[in-house]
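What follows is a short report on a single structure.
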Amino acid sequence: MKLLRLARVALLMGSGLSAHASAETFEVKMLNRGEKGPMVFEPDFLEITAGDRVRFVPTHKSHNAATVEGMVPEGVEGFKSRINDELETGFDKPGFYGIKCSPHYGMGMVMLIKVGDATLPQSYRTVDMPARAKPRFEELFERAEK
């Protein structure tokens, strides 16, 4: 009987490990200048699966990654890395996550992450944001809705 119980535990642990083993980690660079101009995340749009992770790398100095207030799925606590620090975080809840570089938000340094099968909430379009961030987010919203 004890052997059977151990076999069940091992089977459950093994299946849990395989679920985590299939998760991917994506790298996002924070750049002073990139393919789309100054102060950018590359890539600036990601479509990932629930359980995947994203590593934000301050390739150039003076950047961070932080969620935009009002642009995370309901019930999700946002995050904010320290300036010049790499941050790796998991995205477990499906939905859209608006990300900014706090020091360069006013210059339009933003990105969007889509997790799983999600519909962009219309409330994201009315979030108060700097003038230069708005057109970048609008372009990202259009890409996300295709």
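Heads up, the Cβ atoms here are built off N, Cα and C, so glycines get one too.
According to TrEMBL, the protein has these features:
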{"type": "SIGNAL", "residues": "1-21", "note": "signal peptide"}
{"type": "DOMAIN", "residues": "29-115", "note": "domain 'Blue (type 1) copper'"}
{"type": "BINDING", "residues": "H63, C101, H104, M109", "note": "Cu cation binding site"}
Secondary structure content, the domain 'Blue (type 1) copper' (29-115) (per DSSP, counts of residues): 6 helix, 40 strand, 41 coil
Shell list (Cu cation; ref centroid = CB of H63, C101, H104, M109; cutoff 8 A): M30, M39, F41, S62, N64, K100, S102, P103, Y105, M107
